[in-house]
Every structure is written in C-alpha cells, then in structure tokens.
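S.K.: My questions all concern the structure below.
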Amino acid sequence: MEERRYRSASGVPIALRCLQHSASCRELAVRCPRLQLRSLSAVTSAVWLAAYGLFVLSENSMVLSAAIFFSLIGLIIYLHFVKIDQESLLVIGSLGIQVTSSYASGKESTTFIEMGRVKDVVINEAIHMQKVIYYLCILLQDPGDPQGVSEVVPLFQSSKPRLDCLIEVYKSCQEILEQTKTAPQSN
Amino acid sequence: MVLKIFFPSCCSSAESGVLVGRWISEQSSAVILAVLHFPFIPAQVKQYLSEVQRVTKVGVSVLGSWSNSKQEKEESLSEFFQDLGIIFSHEPWIQISKEGDSKFWSCSTLQKHFDHPKEEEIILVYYDQRKVMLSHLHPPLDMAPSADHRADDASKLAAIFDTVAKSKVLFLTDRYDEGPIKLTHWQSDGVEASILVELMKQASVPACMLLTFLLSLVSGVCRSRVLKLWPLSFLWSKLSTCEQLGHRLQHLQVISSNKKAQNQAQLMRKANIFVSLLIDVALGVLLVSWLYRKNRIGHLADTLIPVADHVAEELQDLLQWLMGAPAGLKMNRALDQVLGRFFLYHIHLWISYIHLMSPFIEMILWYVGLSACLGLTVALCILSDIIALLTFHIYCFYVYGARLYCLKIYGLSSLWRLFRGKKWNVLRQRVDSCSYDLDQLFIGTLLFTILLFLLPTTALYYLVFTLLRLLVVVVQGLIHLLVDLIDSLPLYSIILRLCRSYRLAAGVKFRVLEQQDGKPLRLLMQINPLSYGSVVQTYRLPTYSCYPKDSWTSLCKKLFLGELIYPWKHKGEKQD
C-alpha cells in the first residue's frame, strides 16, 4: 500500500493510494485536501460581518438570527452534498468496476458497473473553462452495436488529477482489464 | 475464467454438509442457496431437488461440499467429500472448508475432465439472503427500452437476484422440521402476528366486494341519461371538482378490484394509490374540523360578500379611470364613454346578482365545505371553482374586449390590403392583387382611417382586461399544480425507500473484507438503494395533468391578434 503525492489540475496537492487485494482486484483511491479551517473561518466571519452591518442599518435582530441559521444550514449542505473527501475506483476483474465518492460528512455514493457493460477505460481530453485538462473515463458498451459506445462515465471529477497520476491509474486498470479480456479465450 | 461463489452470510456457522444452489455457467458463478446436512440419502436429495426445480423453475442442484470443523482438519472427511463429488457429479465440484472460528476459508475446485488442476482464482462474495430475496432490482432508466433477448447477457446481477427471489419455496423448510432433508438457510424467525392485522386481512375481501358494489352504483348513476343533458354536461366538464372526483373514483376502482397484482409495478401502484387516498382524506378531514370549529366557515361566508363588493368597486374605479385620461393618454371620448358605460352596467348587474344570492351563501358554503371531507384535493378544486365563479365578470369583460379587438384587427388588416390594392384569395389561401373601383377605394380608405384612430381606445380596454384575466388564470393554475402534486406523488414508495431501503435496489456495491495470502478474495455484496429522484420518477401516478397548451411564441401571437386564450389544457379534453 503506497501513497504518492500528485497535483490536481488547479494546483492543489492530492494523494493517490494503490491497494492490491488479489491478482484480479485493485483499489485506487485519490484523496482530496481536507476542508481548511482558514477558509471556513474567513467565509463565516465575512457572512456574520455583513449581517451585523445590516443589523446596524435596519435595527432588526432577525437579521442576525437569520444569518446564523443560514450559515449553519449552508455548512451542513456543503459538507453533505458538495465537499468530496476521497474518490476511489475498485476494479474487480470478471465482476465489474465500482466508483465511490466519499463526502466530508461521511456519506458515500457508489456506482457499480458490471464488466459486461464496460468497453474500455481511456484517458480523454476536455476543455474546462480556459484550460484543456485530461480526465479518465469508462466507456460503456452499446448493447445494440458491438463497436459503439453508449455512455461515457467520467471518473475523479472532483479531484481532477493531472496526467501523471492518471497514467498510473490507467496502467493499473488496463492490467486487470486485459486479464479479463484474455481469460475467456483460454477457456 | 475466475470462479465466483455467492455465499449467504447466514450459513457461515452451519454444520458440515453439501452446498445446494444454482450454477450459472456463462458467468462461471455459483449462487449458494442453502447447506444440506448429514446424514442424508443421495437419492432422496436428488428427488427433493428435482421437485424444487419443477416448482421454482430454477436449476437447483448440489454444487459442492462445505466442511466446518471445530478442531484440526479431519483427513477422513476430505476423501468422503471427494466421493460425494462422484455421486452428485457436478462440474466443477466446489469444496469450501472453514477451520475453527477463522474468517479465512479455503476453497478449491475439482475438475474431472482435466488431469491437471487448473489454478483458477476464486472470489468469495457474501450476500444477505433475506435482503436480496425481498429486493427488486431496477434496471437503469436508459436500458429499459431494450427489453429483448440481449437484456439477458446485459445484467448478470439480475440473474442472481432472480435466482434468490424465485427460490422462496426452498426457504420455507424450517430447521426444526423432522424430515429426511435438513437444510440451513435464511429462516424467518416467525412472524409476529397481531390480531388486528389478521382481522384486517380477513375483512379485506368482503370490504373490497362491498366497495366494488357501491362504486358500480355510483358510476351507474353518473352515467345515467339525466345527467348527460346539454346544460348539465357542459357544467360538469367546466367544473374541475367533478374531474377530480372522477379521477378519485377511478383510483378507488383500481384498489377495490379483487384481481391480485401481477407484478411489482402493479403492486406498488396499488399501494401508492391507497396511501395517497388515505393521506388526502386525512388532510381533508383535518381541514374540515379546523374550518367548522369556532364557526370559521360562517365568518368566511360573511366576508365573501364584502370581498365581492370590494372587487366590483375596484373594477368600477378602474373603468372610471379608463373613461378619463388613463396614464395621460388621450382617448376617443365617444367610444370611451360607450365602452365604459357598457361595462359599468354589467358590473351593476353583477352586484345586484350577488346581493340577491347573499342570504343563501352561508348555507351553500356550509354544505359545500362538508364535501372537503372527501379529500384535500377536492377542497382545493372547490376553491379554484369558487374563484372562477366569483371572477366570472372579469372573464366576460375579457371576452367582450377580446372579440372587439379581434374584429378591429381583422378589419384593419383587410382594409390595409385594400389600401395597397391587394386582396386575400380564400381559394388559394394567399394575397393577390386586385383592381378596385373608385367608390370601393374611397369607402375602404375612410373606414380604415376610422378604425385606425379608434384602435388605441379598444387596445387599452383589451390590454387591461387581458391582464386581469391572466392574473386569475395564473392563480387557478397554481392551485391545479398543487392538486396535481398531491395526486401524483408516490408516497408509499418514498416511505419504503426511507424505512426499508433494500427493497428498492438500483444496483449493488461491493466492500473488500480482510484478506489473507493464499486464500480466496473475500467481498461483501450490499444493496445500493435507488435515489429519491429515481423513486419518484419510476413510481409516479399518472394524472389528468394540466399543462400549458401553447408555447410562449404562439401565446404571444394569440394575444396580439386578440384570439381567446385558454392556457391550461387537461389531458383527455376534446380539442376545440
């Protein structure tokens, strides 16, 4: 189990962890930086200062309680629905690929794609805002057309690792996918 | 290919025996359903399994051996198991052995057709038998249309869920039964039966029959010829309360039918309709009890007449404003006075009519309010109908203003063509040039000028009344949207997703358990529940929803030309 440091597309440091559970099962987890106390206190004090300024202008104490209430609700919503702590990819040869995102509040959202639906795992380019970034994606097989692709599932969307990290993940995945593709022929 | 063994977590502590389950050769996976203990007679086992296969249509067979030894490995048993492999002749013969309380089991397979044992990787997947049996796997929404034979190889998980769900009959044997076959599998620890639930189950059949009889009576009365006479049928089609009551009647008919639900979708639909009706009636009764306490309905009736008077007075003020110089615009005095007096007279008629009705309002409202017991949706529809009735004069004014304006616009466009020397050819549906006489041209131009200079006055009246009408339409539309929401929300499915989330499965998720070198890979398969959005989308109840008939551009075009607009269209309404 090694943990290597990389950078994301926007420059923040991220860490990649590779775990080999067995010959055909690998787990690759990308950990995003945690919520900084600095930014949290900066946002909270800005909101409360603005609310205090409004209170001084309007002499209505409801503004203060509303500000406290909304900042609490906003923090809970941010931690539960927006801030992703870790994104992981579990590749089990002959079963499928599982993509998990864990949020800062502990919630985990998982999707499992069966191996029969997976056509390939590739690195693709995209234009994101003013940059061109690389991203890893799973190509799903079109049931009607053996050469066609029905859907593209992008991975690591929140941490957006750079090409060097993506190449590591790509190589690990391809090793297992090759095993799966060659195994039925040997039977 | 990698061999996958799906092992039920409830059999982890079972005594030694043979493994009973289904072998899916295309995926090289074995779904273990139960463990059969010693002593047994192989012939009886084979007979029992063929019976189970006949009933459940699932290919159940003996797949391998399971040894759970508390002490050190017993040598004699391994040879015994290999002999069993010859008796039951299954390819490949799976052997799982557990030593003491160790978590890490050793699995091996015996292939008779190959001389050398292939070093095949084995994955051991634990699953919760009860949850997988009860859950219903929902295919991804984009895959649903391709429901042909290709769907078989598309979802391997569906095969596993199917196997466990169909083998319910296998799970009915009890571990305390004294029979030749002793199985270990998921057992229900006895269902707590309450007397109320049993009584309700017994009473439900006659209750359903009674309800069906009553409903047939009611629908027979509704369909009678008397109610289909012209004025009444027109009235029923315009009142939204009648539509809502008809809709609820349909729902009641669905619930009270004595045909059992064929599949999951129908069962969920029935349950959703039942819960929705129950909540609706409960909220309606709550509303009625709140309204009738402290005679609030009397107060409401007392304020109704002053409100209608107030609205009429405001309209009169508005018309006086229009008859003067509204917003500084200069109107044509004569036309202004005519239109203004015409509308004022109507308002006068309306106020007299309301005052005529005022002694009866309280009683009518009292009885109509009682019908809110039938449900909150019915109460909201009644509210919408009352608003429509109270603002009937606004609707009339809008129709007058729109017709006048529409006539003017058509006249203007036709005379404009005459002005330029053209004519509308009705046969060819196009504009052709035409030579007019001098008299025709003279009269036409005169009329055109008159209509053109009278346009601002008519247009202003039309604008004011259209805005008022649109306001009323928007309020009614909001009420109908709320009614639609209550009608179509699948409450039972949402509560099921909240409390028993494993029943509605979007897929599975795997968790990697502790590993040990040399032992097979251990995974735990859990059910991934459906998200709330997909639950609502899948199980939405169909309604006679009202949705906008026209797009924005056609609506604007109609407003400009002065055509009458009826923005909300109900599904099933005849196109006019």
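Keep in mind that glycine also has a Cβ here, set from the backbone N, Cα and C atoms.
Automatic, uncurated: that is what TrEMBL annotation is.
What TrEMBL shows for this protein is this:
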- B:203-222: transmembrane segment (TRANSMEM)
- B:273-292: transmembrane segment (TRANSMEM)
- B:338-357: transmembrane segment (TRANSMEM)
- B:364-391: transmembrane segment (TRANSMEM)
- B:397-419: transmembrane segment (TRANSMEM)
- B:440-464: transmembrane segment (TRANSMEM)
- B:470-495: transmembrane segment (TRANSMEM)
S.K.: Taking the transmembrane segment (B:470-495) as the reference, which of B:203-222, B:273-292, B:338-357, B:364-391, B:440-464 gives the largest number of Cβ pairs under 8 angstroms?
M.R.: B:364-391
S.K.: May I ask for the residues of the chain that lie six or more residues beyond the transmembrane segment (B:273-292) and have a Cβ under 8 Å from a Cβ within it?
M.R.: 248, 251-252, 254-255, 300, 369-370, 372-379, 486-487, 489-492, 495, 541
S.K.: Against which stretches of its own chain does the transmembrane segment (B:397-419) lie, if we need a Cβ under 8 Å and a gap of at least six residues from its ends?
M.R.: 342-343, 346, 431, 436, 440-441, 444-445, 447-448, 451-452, 454-455, 458-459, 461-462, 464-466, 468-469, 561-564
S.K.: Taking residues 6+ outside the transmembrane segment (B:338-357), which of them lie with a CB under 8 Å of any CB in it?
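M.R.: Distal contacts: 305, 308-309, 312, 315-316, 319-320, 322-323, 392-393, 396-397, 400, 457-458, 461.
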